């Protein structure tokens with residue numbers, strides 16, 4: 001049976017994890033959130049966070065399109081984003097790296113220069129790793145972090161009545177990728193958003209004490225809303241007209257003949273945060289000058305997970321990136 | 001410049017790590033030991049250990065030779081061995097996995113079944129990971145562990161006058177690999193040693209309070225002695241005649257026309273432990289019934305790192321596995 005036949009990545013993960021012991025009294029959240037949460041061991045009462053992400057050449061990046069430094073930056077950012085999505089701050093990083101034997105030392109050094117830049121930006125210390133050979137460049141990063149209990153945001157904590165908000169425009173990275181894939185001249189801003197995205201560690205810790213559930217948008221808004229609803233056992237309604245799109249993404253959609261909404265819903269790697277919050281706490285955020293956009297609301301599970309279109313009609317909110325579809 | 005031109009894996013690691021911030025007051029040992037050691041954060045005063053290892057198809061394993069379950073077991077064992085080499089015990093594991101899209105679900109399930117078996121054997125909890133697609137099966141595992149300060153064994157703590165001891169025969173896995181590579185009928189015990197090695201978590205914690213430096217033998221005895229000496233700023237003399245060889249490894253050397261000593265010095269993945277200890281503490285171990293073999297002793301740096309051959313002559317102890325030679 002092929003992986004696509006059972007429904008792809010997430011069905012696979014569920015099957016695989018059934019075979020290994022995955023429960024422990026200190027493991028407050030394990031498989032299925034942006035990072036694992038380990039409690040009960042840290043001296044200051046904070047929780048240890050651990051996230052891991054693997055980037056494979058030609059699946060996640062192309063050496064023709066991105067410089068080594070850009071690949072290095074992105075490989076760190078996608079992990080920092082996972083820690084930010086838990087409400088935490090990153091600490092120590094471990095890099096496992098497979099390189100083809102013919103790799104130029106200078107290329108590998110640039111990769112680490114990019115990682116180093118991102119580490120300095122986000123306060124991360126490189127603490128170890130493994131370097132080995134393989135046919136394709138493969139970068140596997142594990143990042144530790146910490147979060148105080150009152151800031152922890154699990155995917156499973158959304159409640160009916162919460163608003164669903166995002167920290168900025170979504171679909172911009174996908175718009176950049178679409179233009180580059182079509183061989184069109186791509187505005188620098190879109191290219192950068194795809195090749196060297198930032199992440200929202202700047203606002204994550206401020207949102208965290210007020211938010212219920214939080215997740216980073218790495219697989220598209222539709223997938224992330226579904227993750228939150230599935231784990232919180234809720235429904236949701238997203239209002240298409242309220243989803244913030246970058247003007248350049250709209251223009252990219254026009255030029256590539258695509259729907260800009262599809263970039264937002266199914267295109268990943270914007271690394272904005274999606275979170276659920278009560279309307280009152282949403283106002284608090286605004287008073288504190290934290291700029292977010294409401295895109296919908298959490299509903300009872302029975303209501304389903306819906307997308308309200310500009311014509312007022314609703315459809316099931318499906319989609320999102322799947323590694324094995 | 002190619003990686004081999006600058007001296008391979010370890011020269012590369014040194015160059016790469018110069019580009020990222022790699023110092024922190026809590027990071028007691030970082031790049032260059034079997035695991036990173038993070039102090040100052042755990043409630044019980046123990047240190048957090050973190051190790052990571054990446055296995056790539058056709059570089060580290062062949063799907064023709066090993067079952068998925070065997071690959072799963074080995075991928076966990078090599079990480080547990082790193083924690084054992086620090087004097088610690090393993091806790092939580094994170095698995096990043098790249099699979100070709102055409103991978104059979106059953107194969108992936110068997111891989112996790114093997115991981116699960118090893119996890120249960122060594123008391124490890126699967127706490128998270130990442131599953132993605134790539135052209136070659138790639139398994140990157142990060143394993144956390146803990147060690148009380150008095151048990152911590154760094155590579156850098158060997159002292160002149162210490163004995164160098166191993167916990168069991170070395171070169172057995174390499175002997176198995178050599179026979180399989182030559183297409184010879186390979187005794188099950190040698191095959192197993194190569195395909196599903198164990199590790200010495202059974203004796204590591206007992207040796208740790210008495211040992212000075214410790215390391216696991218993953219790249220061959222010669223490489224590991226060199227690692228300890230380089231980091232401890234010492235010399236050493238290894239006595240060839242004292243290196244314990246499995247009778248089947250000696251027979252494998254005869255059949256493949258190789259030197260059994262080469263298996264021990266340059267063949268990796270036995271996952272026995274090599275440690276330095278005072279002669280008095282070595283006797284203590286013996287009194288406690290912990291069976292180890294003395295293979296040499298630590299000397300001043302000026303003495304060099306030598307191998308004493310059976311004819312009494314000494315040569316420089318070179319060799320060991322290098323991923324980019």
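Note that Cβ sites are derived from N, Cα and C of the backbone, with glycine treated the same way.
Residues or ranges marked as domain 'PurM-like N-terminal' in TrEMBL: B:32-147. TrEMBL lists B:34, B:82, B:216 with the feature Mg(2+) 3 binding site. TrEMBL lists B:34, B:51, B:82 with the feature Mg(2+) 4 binding site. Marked as Mg(2+) 1 binding site by TrEMBL: B:52, B:53, B:130. The feature Mg(2+) 2 binding site is assigned by TrEMBL to B:53, B:82. Taken from TrEMBL, the feature substrate binding site covers B:60, B:269, B:321. According to TrEMBL, the feature ATP binding site maps to B:112, B:129, B:130, B:155, B:218. What TrEMBL lists as domain 'PurM-like C-terminal' is B:159-301. Feature annotation from TrEMBL assigns Mg(2+) 5 binding site to B:219.
This view paints the features noted in TrEMBL onto the structure.
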residue: B:34; record: Mg(2+) 3 binding site; DSSP class: coil
residue: B:51; record: Mg(2+) 4 binding site; DSSP class: strand
residue: B:82; record: Mg(2+) 3 binding site; DSSP class: helix
residue: B:129; record: ATP binding site; DSSP class: strand
residue: B:216; record: Mg(2+) 3 binding site; DSSP class: strand
residue: B:269; record: substrate binding site; DSSP class: coil
Taking the Cβ of residue B:219 (Mg(2+) 5 binding site) as the centre, count every other Cβ atom within 10 Å, in any protein chain shown.
22
Can you name the binding-site residues among B:129, B:216, B:269 whose CA is within 10 A of the CA of residue B:52 (Mg(2+) 1 binding site)?
none
Cα distance (Å, whole number) from residue B:112 (ATP binding site) to residue B:60 (substrate binding site):
17
Taking each of B:34, B:52, B:82, B:130, B:216, B:219 in turn, which of these binding-site residues have a Cβ less than 8 Å away from a Cβ in chain A?
B:52, B:130
Model confidence over the domain 'PurM-like C-terminal' (B:159-301), averaged pLDDT:
95
Other than B:34, B:82, B:216, which residues of the same chain sit close to Mg(2+) 3? List them in sequence order, counting a residue when its Cβ is within 8 Å of the Cβ centroid of the site.
B:35, B:51, B:81, B:83, B:84, B:85, B:86, B:215, B:218
Under the DSSP assignment, what numbers of helix, strand and coil residues are found in the domain 'PurM-like C-terminal' (B:159-301)?
64 helix, 26 strand, 53 coil
Nonlocal neighbours by CB distance (under 8 Å) for residue B:269 (substrate binding site), same chain, sequence gap 6 or more:
B:78, B:173, B:174, B:194, B:197, B:218
Which one is closest to residue B:112 (ATP binding site) in space, judged by CA to CA distance, out of the binding-site residues B:34, B:82, B:130, B:219?
B:130
Distance from residue B:130 (Mg(2+) 1 binding site) back to residue B:216 (Mg(2+) 3 binding site), taken between C-alpha atoms, in Å:
27
Close binding-site residues near residue B:82 (Mg(2+) 3 binding site), where close means Cα within 10 Å, chosen from B:51, B:129, B:130, B:155, B:219:
B:51
Nearest-integer angstrom distance between the alpha carbons (Cα) of residue B:53 (Mg(2+) 1 binding site) and residue B:129 (ATP binding site):
14
Residue B:34 (Mg(2+) 3 binding site) versus residue B:219 (Mg(2+) 5 binding site) - Cα distance in angstrom:
12
Compare the C-alpha of residue B:130 (Mg(2+) 1 binding site) with the C-alpha of each of the binding-site residues B:34, B:51, B:155, and give the closest one.
B:51
